[in-house]
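Feature annotations, reproduced from TrEMBL:
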- 8-162: domain 'Histone acetyl transferase HAT1 N-terminal' (DOMAIN)
- Trp174: site 'Interaction with histone H4 N-terminus' (SITE)
- Glu251: active site, proton donor/acceptor (ACT_SITE)
- 261-312: domain 'Histone acetyltransferase type B catalytic subunit C-terminal' (DOMAIN)
Amino acid sequence: VQLFTVQLTLKIFRFAEDVDDESTTFHPEYSHQLYGDDEVAFGYKGLQIQLYYSAGNLSTLFKVKYTSKVTETFDCVEPDDVEGKIREIIPAGFCCNTDDFISLLEKEANFKPFGTLLHTYHVHNVEEGGDFTYQIHKVDVSCPGFKEYHERLQTFLMWFIETASFIDVDDDRWDFFLVFEKYNKDGETLFATVGYMTVYNYYVYPDKTRPRVSQMLVLPPFQGEGHGAQLLEAVHRFYCNLPKVQDITAEDPSENYVKLRDYVLVKLCQTLPSFSSDKLSLGFSDDMATEAREKLKINKKHARRVYEILRLRMTDMSDETKARDYRLEVKRRLFAPTKKNQREMTKMMKCLRPEELASHISQMDTALQHEELEKSYQEVLAEYRRVIERLAQA
């Protein structure tokens with residue numbers, strides 16, 4: 001009996017026979033928020049933690065199995081409280097017995113999506129040889145039963161978002177957007193939870209709001225099918241129709257979210273008149289920033305990034321002159337923060353001692369700056385090309 005890596009198995013059930021189907025199981029990306037950076041538990045052999053959910057209502061089965069564990073009586077030490085840590089994040093009302101859980105599965109036909117239907121779309125599944133139907137719903141916390149459902153749903157954050165935290169759903173500034181798959185079983189229409197997004201509406205003086213995306217998660221069985229893009233686009237279109245909304249932002253966006261946002265915003269902006277090919281060749285304009293904000297609630301910083309992606313798409317990079325013009329324009333934007341830092345450093349120099357001055361001068365090495373700038377440019381170029389490739393495949 002020793003330190004044992006925490007083995008957590010997650011599964012989403014549609015049918016009772018899924019109990020023995022190992023292909024439907026998946027595992028957390030992160031366990032450290034509960035079990036520390038090493039993601040280990042002390043005092044068990046053969047430790048297995050099972051956290052199973054029904055596909056629609058997310059009714060929960062929680063089991064901890066092990067072949068043996070240390071005891072305070074015989075080994076004079078206590079094992080880690082593995083079960084207690086999970087009980088802290090999963091709401092009360094879960095099952096510990098498989099038979100009880102299977103009886104809940106039989107009630108899944110009664111589950112219907114919460115809130116208002118915003119958008120329906122279809123995804124072709126090559127393996128199944130057919131189209132699957134998905135719905136995106138807008139929900140607020142006043143919807144009967146939603147608060148309890150959300151408590152079960154947000155437990156997934158702990159396993160798949162590195163700095164996850166639960167939110168205070170009683171604050172009425174929160175908006176919730178949920179994705180469901182619509183499917184048939186024995187002639188009945190059922191719904192499975194696919195993913196969701198939470199958005200907080202900040203006040204902007206004097207009479208506007210700024211929705212900020214807080215959390216976004218597509219459950220692992222559905223990842224890689226384009227649901228994130230569908231969800232983000234539906235959310236943008238929802239807020240575009242609200243005059244009081246100034247623009248849409250995101251809280252501490254991850255690298256994957258930025259990639260997704262690039263793709264969605266470019267897809268939305270490419271049909272705007274100010275982003276037409278003849279306008280793109282003239283450079284980034286106030287018209288682009290204004291139209292992106294007024295029609296799509298996109299702020300100036302993101303509109304500039306959209307412009308650079310669309311400009312790259314229409315630029316023949318094998319033409320040295322055109323490639324050079326494009327490179328210089330992007331580098332000027334990338335260099336702007338560096339120039340600001342230099343101005344601040346020049347001011348600081350007037351009041352620094354000689355030894356402090358020497359250390360700051362070493363930070364201003366011009367060759368190094370050019371090297372870093374070129375590296376940043378190449379990274380941006382690679383990101384933009386990925387967006388353009390995805391647009392071509394859409």
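Placed from the backbone N, Cα and C atoms, the Cβ positions cover glycine too.
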- Task: Let me know how many other Cβ atoms fall within 10 Å of the Cβ of Trp174 (site 'Interaction with histone H4 N-terminus').
- Result: 18
- Determine the mean pLDDT over the domain 'Histone acetyl transferase HAT1 N-terminal' (8-162), rounding to the nearest whole number. 86
- Item | Pairwise CA distance, Glu251 (active site, proton donor/acceptor) versus Trp174 (site 'Interaction with histone H4 N-terminus'), rounded so that it is a whole Å | 14
- Glu251 (active site, proton donor/acceptor) has how many other Cβ neighbours within 10 Å of its own Cβ? 13
